[in-house]
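Heads up: the structure comes next, in structure tokens.
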Amino acid sequence: MFKFATAVILCLVAASSTLAQHNPHWWGNRNTIVHLFEWKWSDIAAECENFLGPRGFAGVQVSPVNENIVSAGRPWWERYQPISYKLTTRSGNEKEFADMVRRCNEVGVRIYVDVLLNHMSGDFDGIAVGTAGSEAEPSKKSYPGVPYSALDFHPSCEITDWNDRFQVQQCELVGLKDLDQSSEWVRSKLIEFLDHLIELGVAGFRVDAAKHMAADDLSFIYSSLSDLNIEHGFPHNARPFIFQEVIDHGHETVSREEYNQLGAVTEFRFSEGIGNAFRGNNALKWLQSWGTGWGFLPSGQALTFVDNHDNQRDMGAVLNYKSPKQYKMATAFHLAYPYGISRVMSSFAFDDHDTAPPQDEQEKIISPEFDEEGACVNGWICEHRWRQIYAMVGFKNAVRDTELSNWWDNGDSQISFCRGNKGFLAVNNNLYDLSQELQTCLPAGVYCDVISGSLVDGSCTGKSVTVDDNGYGYAHIGSDDFDGVLALHVDAKV
């Protein structure tokens with residue numbers, strides 16, 4: 001009986017811990033993460049204080065923090081080829097990272113680190129040097145900076161069959177040296193690395209290439225981590241938020257369902273589906289059942305995004321900053337519709353898949369610069385600073401915990417819906433105007449459209465909509481309007 005009771009208790013503890021790993025630990029009503037891709041730590045700290053905190057962003061996903069291989073031309077993907085777990089990269093050193101985490105936490109913006117637990121670097125001819133000066137011999141699987149030796153890796157093999165579980169989880173993803181996460185030594189070094197980041201105040205982790213690691217191994221690693229650091233404003237016994245990169249298009253041998261109980265999972269079907277819809281390949285009317293109705297994961301288990309740093313570089317349905325009108329419309333819908341744990345992208349300009357982040361002649365990453373309206377101008381795209389996007393972050397905060405109601409569509413690609421009695425969104429993706437009296441569900445009054453402008457000193461700088469005593473307002477979105485969206489919420493009432 002004692003053994004049975006003990007087993008039950010252990011199962012309950014594990015289940016509780018797993019559930020806790022779905023909690024992103026946001027402040028107040030904040031509920032949107034931004035990925036500041038390849039930004040320096042000092043610049044992220046300033047952005048938290050000057051923009052993200054005041055605009056109500058909940059958190060930042062940062063690029064990998066540990067030492068990586070130095071590759072010719074400094075492509076972005078060198079950050080995904082570890083040499084050691086020393087906290088020195090082109091984004092800064094450990095002191096600068098710790099300062100950034102502290103400053104962001106102080107203004108209510110949580111930090112989530114992109115971590116590489118699956119592998120080390122790819123092959124390199126001879127001695128490779130990392131961003132902290134560590135040397136390694138990747139061809140011999142020798143990484144003294146950790147240290148790892150060949151005994152800590154799976155035997156080398158290529159992934160040629162993506163339906164072969166052994167290949168997917170024990171062979172080398174694009175030639176990257178594949179760690180053996182069942183090894184006690186490897187586990188200890190990974191846990192030590194993650195625990196150090198927790199000590200510095202991070203709120204959680206985006207786990208790169210999670211599907212290439214056995215779920216049981218990841219479960220052991222996650223459950224062995226320390227609680228979050230209460231000195232950074234986290235409650236006692238808070239567990240790190242985990243969201244895992246698992247690419248699953250619905251026909252994968254290694255599926256998302258193996259990982260969604262361990263933490264949230266990146267819902268790539270969301271990205272593809274929303275891209276298809278706003279590119280005009282699917283009528284927007286079908287988005288009424290968006291989310292689980294489309295076969296997506298349960299809302300609290302899905303990390304959702306229009307694009308990410310990988311798929312924005314691929315040809316296909318996925319939208320990126322190069323299609324700005326459709327991208328802003330898709331992002332507005334993403335942040336208005338009550339599904340998923342939302343992340344928005346903040347990119348740098350690229351002409352090909354390997355383009356490096358903006359850098360100077362010494363190959364040092366440069367800081368973003370801003371024009372008089374706050375937009376980035378020197379190679380950084382900064383979608384999160386586009387008014388149409390940061391305004392929808394505010395919309396999402398204003399309508400948090402409300403339900404979708406009063407869906408309307410024209411049978412094609414003009415849609416609208418309410419979020420409780422706090423918000424209203426209308427979208428026009430047709431080649432003709434939307435001009436319609438629509439139920440906004442809002443209290444009577446005049447509301448500023450936060451897409452075309454904002455509420456400043458008691459008046460609207462863009463469009464406005466007058467809502468009558470029955471909740472109806474006249475919405476007009478021209479087919480040739482700069483933006484195909486209209487958004488109203490209670491915090492933008494005149």
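Cβ coordinates come from backbone N, Cα and C, glycine included.
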Which of D161, D178, D180 belongs with N118, Q169, H212 in the Ca(2+) site listed by Swiss-Prot
D178
Disulfide-linked residue for C448, taking Swiss-Prot as the record, within C418, C460
C460
Whichever of C104, C157 is disulfide-bonded to C48 when Swiss-Prot is consulted
C104
Can you count the other CB atoms that lie within 10 A of the CB of Q21 (pyrrolidone carboxylic acid)?
22
Going by a 10 angstroms cut-off between Cβ atoms, which of the disulfide-bonded residues C48, C157, C171, C418 has the sparsest surroundings?
C157
Residues near H212 (Ca(2+) binding site) by Cβ (under 8 Å) yet at least 6 apart in sequence within the same chain, in sequence order, are N118, H119, V168, Q169, L173, D178
Measuring CB to CB from D208 (active site, nucleophile), give everything in the same chain under 8 Å that is also at least six residues away in sequence.
P64, Y80, D114, V115, L116, L117, N118, E245
In sequence order, which same-chain residues at least six apart have a C-beta under 8 angstroms from C382 (disulfide bond)?
S346, S347, P368, A375, C376
Reduced DSSP state (H/G/I helix, E/B strand, rest coil) at C418 (disulfide bond) is strand
Which residue among the disulfide-bonded residues C441, C448 has the fewest other Cβ atoms within 10 Å of its Cβ, if you could check?
C441
